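Novice: A single structure is presented below for examination.
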């Protein structure tokens, strides 16, 4: 018998993908292996389908995650997968596993967050499933989206010399989590304490509790007449996502540590927790920003965009193993291969 | 604070539905309230989206449910929702929450069942999500389907005098579950024992462990040139589903107990467990047969169909409360209002 930990999540998905036969339906355009599956809608339009499951005790801790924020986040992380295909979300379903400790009022709070997110992303809640659960809360969302055939953006189509861009800033969600975990430990040690998270830290907390899916960027790219050559959303950290783009596109990459966009609050909190802010950006995850590539000649259109940063460029793979062809270059001239963090099944 | 049990699953879904705003997307045709949501595809075709979550300890017990059967069943119950809209499934995603006791081999078994069902229903596995779970196994499937605009069948469009039909037979899955539960208790009392389920009981066990979604009936209705006036799949028992059809259509119904299709094995096992076979059919659930209505003049086309049985007819609601307008009529002339069983959240 083989432990799931020996395979890891990526290994497990790859194993499932390899065993999946070719599509039987002519309407299936893209199966396992990107942020969303792709199906035919009409002459000019493709449909997108994605799903994400959030499990209590693994993805969230209800001792500090308000249910309203959790509802919003569950929608946002699914919308983010549609944005990563350069599409917009249209419909979603919500499946809930609820243990008996949840009250009607708690479910109302969760749905208030879900509805707020549906309004924010202009997506319709059209169904779902509600069931009992023996242990904690489980939320599974499936979202459908649409994208023009000429705008769809896969992971596998980046080219050498493309400019690598990220939206927003990275690492903040991870430090927000560290702050929340520290508060929890202090509270457990002394239940009399008052929450002590300062106003300045509010940004980090918000990035953890209530991230945004970047559908705004999808619309802006359209307005700028830019179709990325490849795109992925940053759910597991920049390192892991960039490795996906390079592996699936057959490219290498060089990114520059000084170019990685990191908020001042992230720097301050990283210092306090003695974590490298670059490590938080590379491996922290849950930022739900977009990582995309564009041809070098398109960069002119984007270079003054306040929420898009160029962090490096794609290279030829040159026959190198995936683990050796994605390079982090420092100001001092050091070049280090980037490796992804592992994944382990819950205990 | 209000316990979820005071509301019940149907009450909870109704509460969520009432709070959901009107669709923002022009492509949304039908939201919460039917077996699947409906969205626009092209001039002649509608898309369907449905999702179902299966939770260990609530929906299945891995002490007697083989993972391969569980994978098949998880797909079948989702396909059944698409069939209930008179559609055919095209793509699906599988989200898995796995605790660390699951091995790679166990996941392979589960996916072998999922793939077998995908092949049986001609549907493509196109994606999903794999995550850790702190406790048991959670499976959440989302399925997309298609249906011709002229063939779509909702729950809310049955008419008085329509003939009420069911496919296959009812109550067997429930008695299969009783057999499996008894075996488990006997095994726990005496782990040396050998499984003692006879060949004759295999049908009941199979109905519980590996039910079929009735896409075959969807194709047959097409061939017979019949479009039902209303349809629903029987997941929670005939009583509950018939009440849904009547409530949503604004009709009443009369069904005849002697007409309800029940297999001989179900009768025998019901006798052994001292359960009324009619009660098993009405409230047992998990049969995943289809319940549909057709105009009386269409009945001629179906009356010799070996796997479709007419069990009664729709009536005017006549201002009666939903709980008083669905009637079970016995051979002896008794008329009893049918009520649905409640639902309670997990403990």
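In case you wondered, yes, glycine gets a Cβ from its N, Cα and C as well.
Nobody curates TrEMBL annotations by hand; they come from automatic prediction.
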Novice: B:35, B:81 show up in TrEMBL as binding Mg(2+) 4; which entry in B:22, B:50, B:95 does that record put in the same site?
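Specialist: Between B:22, B:50, B:95, TrEMBL records just one in the Mg(2+) 4 site with B:35, B:81, namely B:50.
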Novice: With a CB cutoff of 8 A to chain A, go through the binding-site residues B:35, B:50, B:128, B:129, B:235, B:286 and name the hits, or write none.
Specialist: B:50, B:128, B:129
Novice: Could you tell me the C-alpha distance between residue B:286 (substrate binding site) and residue B:81 (Mg(2+) 3 binding site) in angstrom, no decimals?
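Specialist: Roughly 12 Å, rounded to the nearest whole number.
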Novice: Could you find out if DSSP has residue B:35 (Mg(2+) 3 binding site) as helix, strand or coil?
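Specialist: DSSP assigns residue B:35 (Mg(2+) 3 binding site) to coil.
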Novice: What are the non-local neighbours of residue B:233 (Mg(2+) 3 binding site), defined as same-chain residues 6+ apart in sequence with CB under 8 A from its CB?
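Specialist: When sequence neighbours closer than 6 are ignored, residue B:233 (Mg(2+) 3 binding site) has B:35, B:80, B:81, B:83, B:84, B:213, B:214, B:241, B:288, B:289, B:290, B:291 within Cβ distance under 8 Å.
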Novice: Residue B:81 (Mg(2+) 3 binding site) has how many other Cβ neighbours within 10 Å of its own Cβ?
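Specialist: Residue B:81 (Mg(2+) 3 binding site) is surrounded by 29 other Cβ atoms within 10 Å.
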Novice: Within a 10 Å radius around the Cβ, which one of these binding-site residues has the most neighbouring Cβ atoms: B:50, B:51, B:235?
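Specialist: Output for this query is B:50.
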Novice: For residue B:155 (ATP binding site) and residue B:50 (Mg(2+) 4 binding site), determine the Cα separation and express it in whole Å.
Specialist: 15
